[in-house]
Amino acid sequence: MMNCWFSCAPKNRHAADWNKYDDRLMKAAERGDVEKVSSILAKKGVNPGKLDVEGRSVFHVVASKGNLECLNAILIHGVDITTSDTAGRNALHLAAKYGHALCLQKLLQYNCPTEHADLQGRTALHDAAMADCPSSIQLLCDHGASVNAKDVDGRTPLVLATQMSRPTICQLLIDRGADVNSRDKQNRTALMLGCEYGCRDAVEVLIKNGADISLLDALGHDSSYYARIGDNLDILTLLKTASENTNKGRELWKKGPSLQQRNLTHMQDEVNVKSHQREHQNIQDLEIENEDLKERLRKIQQEQRILLDKVNGLQLQLNEREKLKSLLAAKEKQHEESLRTIEALKNRFKYLESDHLGSGSHFSNRKEDMLLKQGQMYMADAQCTSPGIPAHIQSRSMLRPLELSLPSQTSYSENEILKKELEAMRTFCESAKQDRLKLQNELAHKVAECKALALECERVKEDSDEQIKQLEDALKDVQKRMYESEGKVKQMQTHFLALKEHLTSEAASGNHRLTEELKDQLKDLKIKYEGASAEVGKLRNQIKQNEMIVEEFKRDEGKLIEEN
């Protein structure tokens, strides 16, 4: 029932156009945002199995990244589970290649075929063998994957695991029934390839499980020949011990001791020639790698400068926001003081009007005394008013108690003056209100800008975290390459010693011309070795500089978060 349902998935995905929903779905899948993936899948016509211009689909990206939740959402939505990318790999291949056992198990639960081969003829078991993931090997074997399946070169998963020096995987595959003596199209066995690539542990596992060391390839070479090519004396010792422990091996070693001795005698010369070629290639690789690292370092420094400029811009905007807040607080305080002054003037005006209507044209001595006292009190209050009140209003208000002591015929003119002052104060209050509204609008605008800045800050923080992660990954990669370079340098040192011994023996035999040539080669190798050592030192300095840049960037980011 389920297989039938999956078979109904659209077959013409290659012809479909890549639209904005497909692009959003791809970005959400790369981020691992399962909610976004689910919401986009709910839209009509969205197909997670559609291939982009790079020949991969959202289904493939999720499987390669090992995001189980997104993978489950896509499987529930419905997708052609056998969809292949441009290399012929389906989701099961990618999950096995990157060692995502949980995603592999989920795909197998949906009956994903285990025998599907990519363009190289490799099944998911081949990829799992190279990925060194025992749990993936067990899952695939439990679901019927063939342990002896061959790719286009005739190599089985056991052969690939041996080439990658995976002794645990080799033992697991053998326990599952893998043929130890299986041959590729050139009649080479896993043991021969393990000897050629110097995989001592894998070779030991194969020998313990009955690998035949006497088999010959299409050119008539045996495992010991490939061990000499691989420049590994330990493997030769293993082969000799295994050969002596078998009857057939004893006969071979008894019949041709001189041949074996001659092979061992000339092995060092062959190794020296091969080593010289490999060292020359390694030096070229180191130079190319050094240029690539320099370019990456320049890009990282440029990105760091851009991020620092963004941080400085955000800091300036935050300072401007604080200034606007302080200015608005001062304006509000000034407005409150103006309102209190207006309220006092209104009360005074009402009192004068009521007094004028009640007493007619004459003032009694008692009222005059009261007005004088109130005028003095008002004068004291007026001196404490806001500096924002106009000076002529304050001076007029301060003189009012003296004017109230005049005869009653001036009360009418006093009322008119008070009305004018009240109108002026109202005008000032309206102006203050407008200023306040203007400041409030500016504050709201700045608040909106601050919110936008906060969102931008979060986005910058996420980008910074991602870049820090990328920098850390780059540092790890550089360190790994550094270790490999040091190993190559050690190999070159070993070769120098062997070459010196060879020069000594040649000088003793009287071959002066060859000795001079070898000395020149030794000088060239020393120069190249010194150059490689200098490059190694430069790489170490670059690693330290990158680590310091990452730490400084983290500190700046922490300060910015604390300020927000």
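The backbone N, Cα and C atoms fix where each Cβ goes, glycine too.
Within its own chain, the repeat 'ANK' (54-86) has Cβ neighbours under 8 Å at 5-7, 9-11, 13, 22, 25-26, 29-30, 32-34, 37-38, 41, 47-48, 92, 94-95, 97-98, 100, 102-103, 106-107, 110-113, 116, 118, counting only residues six or more beyond its boundaries. Annotated repeat 'ANK' per TrEMBL: 54-86 (among others), in sequence order.
Residues 2-3, 6, 55, 59-60, 62-68, 71-72, 75, 81, 125, 127-128, 130-133, 135-136, 139-140, 143-146, 149, 151 of the same chain lie 6 or more positions beyond the ends of the repeat 'ANK' (87-119) yet place their CB under 8 Å from a CB of it. For 87-119 (among others), the entry in TrEMBL reads repeat 'ANK'.
The repeat 'ANK' annotation in TrEMBL covers 120-152 (among others). Using a Cβ-Cβ cut-off under 8 Å and counting only residues 6 or more beyond its ends in the same chain, the repeat 'ANK' (120-152) has close neighbours at 87-89, 92-101, 104-105, 108, 114, 158, 160-161, 164, 166, 168-169, 172-173, 176-179, 182, 184.
Per TrEMBL, repeat 'ANK' is recorded for 153-185 (among others). Taking H, G and I as helix, E and B as strand and the rest as coil, DSSP gives the repeat 'ANK' (153-185) the counts 16 helix, 1 strand, 16 coil.
Model confidence over the repeat 'ANK' (186-218) is summarised by a mean pLDDT of 91. The feature repeat 'ANK' is assigned by TrEMBL to 186-218 (among others).
Residues or ranges marked as coiled coil by TrEMBL: 276-348 (among others).
Among the features that TrEMBL reports, coiled coil is placed at 429-488 (among others).
The coiled coil annotation in TrEMBL covers 515-542 (among others).
Below 8 angstroms of C-beta separation, residues 121, 123, 125-126, 128-130, 132, 134, 137-138, 141, 147, 191, 193-194, 197, 199, 201-206, 209-212, 215, 217 of the same chain, each at least six residues beyond the ends of the repeat 'ANK' (153-185), sit close to that stretch.
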